[in-house]
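Encoded as structure tokens, the structure appears first; notes follow it.
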Amino acid sequence: AIVTFHPQELGHEALAAQKALLKEFFTRGPGTACALTSLYFQESTMTRCSHEQSPFQLLHGEPHIFEEVLGLKFRISPDAFFQVNTGGAEVLYQAVGELSQAGGDTVLLDICCGTGTIGLSLARRVSKVIGVDVVEKAIEDARWNAAFNGVSNCEFHSGKAEAVLPDLLSSWEDARPLVAVVNPSRAGLHYTVVRAIRNCKSIRRLLYISCKPEGEAMRNFLELCCPSDPGKKLAGEPFAPTLAIPFDMFPHTVHCELVLLFTR
């Protein structure tokens, strides 16, 4: 659990008192019913901010939680993305593996990789995995997860995809097949990322995982599939949407995770 706390005008001592009360509530009070293994505190004037903006402070328990997916063990930091529906995630990742048609000579590009779940779950069937994520702690987790599970053909890069990917793909000369999997936030992919994917001739297959396909992701779909446009520096051959599969990751809600396969 992470308690996000607006500090208002409280001083150091008053904040320390609030932390002590929270710890007492969850370790000795009614909150013990939650059986928390990790309790974090974060001072923030926003509803959500990163560890770099305001550090997560461990009040009780272990610094990480652990989950098992498809026979692999994953370490998860407070601000690292991880699908909350673990059983659903297994079904989702298995489908991604089948749709990718990745073989032993394939390089898998895992964009917005989080703790490395998709890349690591497919690592044994591909030649190499390259993961990118903006959350530094998530990349630390991904590297730890690879080492712990004995997976040696993965490399993970910390940074914004729009900063890392263009350089990576513009100089791509590897003859091996390149398959991309993207799993962005609701805000979708930065235009620079879409352009880098479009302009990389080696990517013939793209899997787009979206939790809100009717939102900003729709802009990405149009950018991926529109005709070449020199004015927008979209020189690469357009993709075509081939298949869409919904996954009910959020039972009893109207939301659905959607996996779209784009090919060219």
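Backbone N, Cα and C atoms are what each Cβ position is placed from, and that goes for glycine too.
Residues annotated as active site, nucleophile in TrEMBL: C211.
The feature S-adenosyl-L-methionine binding site is assigned by TrEMBL to Q83, D133, N183.
Positions annotated as domain 'Methyltransferase' by TrEMBL: 105-167.
Maximum intra-site Cα distance, S-adenosyl-L-methionine binding residues Q83, D133, N183: 15 Å. Taken together, the residues in the domain 'Methyltransferase' (105-167) have a mean pLDDT of 94 on the 0 to 100 scale.
When the binding-site residues Q83, D133, N183 are screened for a C-alpha within 10 angstroms of the C-alpha of C211 (active site, nucleophile), the residues that qualify, in sequence order, are N183.
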